[in-house]
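J.: Have a look at the structure that comes next, please.
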């Protein structure tokens, strides 16, 4: 039964029993929640933001998380409910004048007071170290202790004067029950926002359908009608064969819009038109452009102007 050296093992050393639950140091847990970022595990530094579940983050860490949503991140579950920068609120914190920070114990020969906090409640003066419940308002981001809101009941923020409702109050680092309640509110708020977006889309569609004339006019540039109105013609074939009036051509050129002739339009000769002789002399069909065989050059010296 004995081992080397005359030692005798006891029963609890040999028999395996159920594992004991590891006890977490409450002071260390409070320091981690109120002084370190939930996402990056770094010391909280301004600007400090809080999510809809009441967790504290560094704003830089949240932006980096949103830009790089890779599966390799170990702490992605802590911020999986944050989909955009609009889901977090920047906090307005009041500094604690009694907090010395790292300057108080530079040599390491003094006791560090873990209960001393960087921020306090601006109304009551309680330190934000986890011993007292704190909350913030979604509308403005001001942070107060829960005792201040209970003692001074008002529908207006004590610091900036912004109006708020009970749904805007979010508890910082609350219990499991508080987190479940805040999660339900968050889901209801997001569903309400989706329904509002869906109701807005049909309204815009009905407004556009009620005004068809304005949409057609705005779709393209306005067309200016030039010339005299066309007279009613019983026979459409005669209308195709007749040439276009001279006034309509001049008006079309003056308005700056040159339209293509229709497919069924007949080609007309410039020599038969009623233009002036100087205008006709430009074209090769004019009598001045025609040359006799004697005036034209032979096959060696011919140019393109001879034809």
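Cβ coordinates come from backbone N, Cα and C, glycine included.
Pulled the feature table from Swiss-Prot, pasting it below:
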- 193-296: region 'Disordered' (REGION)
- 227-241: compositional bias 'Basic and acidic residues' (COMPBIAS)
- 288: phosphoserine (MOD_RES)
J.: Around the C-beta of residue 288 (phosphoserine), how many further C-beta atoms are within 10 angstroms, looking at every protein chain?
T.: 9
J.: Any idea what DSSP makes of residue 288 (phosphoserine), helix, strand or coil?
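T.: Once the DSSP labels are grouped into three classes, residue 288 (phosphoserine) ends up as helix.
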